[in-house]
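Peer 1: Just dropping this structure here.
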């Protein structure tokens, strides 16, 4: 039967892992692809020899046998791939959301080839455009590897809940931030020390900005929300807070409440509205996510009829994400198509609502000195905005600083912001810092 030829643009972690899997499992993939032999015809990277050696790949698969090629030479190789009628599909693993990558995707589809990518940033920014263009060209875009790496989440939400309604999703979707926070929780490390270790062990990039500021998780959540609730990623707007402001004292407070802190991606449906956020949250030791540590990802899906579903696996990594990319390649090779991001499971298109209006439980962590009147001032301000205090726990003392944990009943973030303003107005020097974190019990 026909050979299904693929080209790979980018041979870093994901591209190299993808190529390695295709090479090592060719016979098995042929069976799964309906008898079609999936064959790598060309790999394009700026460092052919280095990446061939690194991933154990034959140098003849690469566009050049040189140690390094220029961007101009790489562009020429890409042009040759796009003009090659024997190539059926192109895998893009370069990453980034620049116009260059956006145009590359369009050119791949324009050339009559299917596209597979693990690039969540470009899908969150230009997903609708790319999928519209693919439909126009009668081609498919596979993106299983874009969300949570090896966890087959995209196909699950597209296919496995067509007889149900997804009420909410709650997840740890960024391995770097989870490793850092797990280290801070287990060892009492500072954020800076935990991040340095993550970089040393390869769990964090040299520039980890997108991971630690929450944007990587936000891009993944946008894709899931579009798939589940039908809200285009470009129309979504929700609070995004990273982990840089989390301190070891915050973990001391959380531990005193039999809890920990995780960076959580969350979305919940209320009638036709969807409330969502990405930010650190307090996770009780009774919650499954409490024990999800290191670079592991985990997603909880709560469905209307079938209840709670748990998905756990490696959210990043060369081979792990590569396996998700290869699954898309095999599916397209066998069926000639794959569902796109606009084929939502939602029976109606939902509306994005402001999470700052959503009633949630919160833990307040109040940093102060050993000054009289703190509890009274805080309690009065919280009561004045219509919020009840559920529990005031024992203060955590670190040096000269006191950290007072206050749990409040369900309220909105807007109410808490008003309370902070009242405290600052009434007693501007009493409180050094006022932090509120959603609680998941």
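Including glycine, each Cβ sits where the backbone N, Cα and C put it.
Note that TrEMBL annotation is computational and uncurated.
Under the heading NADP(+) binding site, TrEMBL lists 9, 10, 11, 12, 13, 14, 15, 16. Annotation source TrEMBL lists NADPH binding site at 120. Annotation comment: TrEMBL describes 205 as L-homoserine binding site. Marked as active site, proton donor by TrEMBL: 220. Annotation source TrEMBL lists domain 'ACT' at 363-441.
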Peer 1: Mind giving me a neighbour count for residue 13 (NADP(+) binding site)? Other Cβ atoms within 10 Å of its Cβ, every protein chain shown.
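Peer 2: The Cβ of residue 13 (NADP(+) binding site) has 21 Cβ neighbours within 10 Å.
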Peer 1: Using the recorded NADP(+) site (9, 10, 11, 12, 13, 14, 15, 16) as reference, state which further residues of the same chain have their Cβ within 8 Å of the centre of those residues' Cβ atoms, listed in sequence order.
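Peer 2: Sorted by sequence, the hits are 8, 17, 18, 19, 45, 51, 93, 94.
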Peer 1: Just counting, how many other CB atoms are there within 10 A of the CB of residue 205 (L-homoserine binding site)?
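Peer 2: A 10 Å sphere around the Cβ of residue 205 (L-homoserine binding site) contains 12 other Cβ atoms.
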Peer 1: Restricting to the domain 'ACT' (363-441), what is the model's mean pLDDT?
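Peer 2: Mean pLDDT across the domain 'ACT' (363-441) comes out at 92.
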Peer 1: Please compare the binding-site residues 10, 12, 15, 16 by how many other CB atoms fall within 10 Å of each one's CB, and tell me which has the fewest.
Peer 2: 12
Peer 1: Taking just the CA atoms, what is the gap between residue 120 (NADPH binding site) and residue 220 (active site, proton donor) in Å?
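Peer 2: Computed Cα spacing between residue 120 (NADPH binding site) and residue 220 (active site, proton donor) is 6 Å.
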Peer 1: The residue listed as 'L-homoserine binding site': which of the binding-site residues 10, 12, 15 is the nearest Cα neighbour?
Peer 2: 12
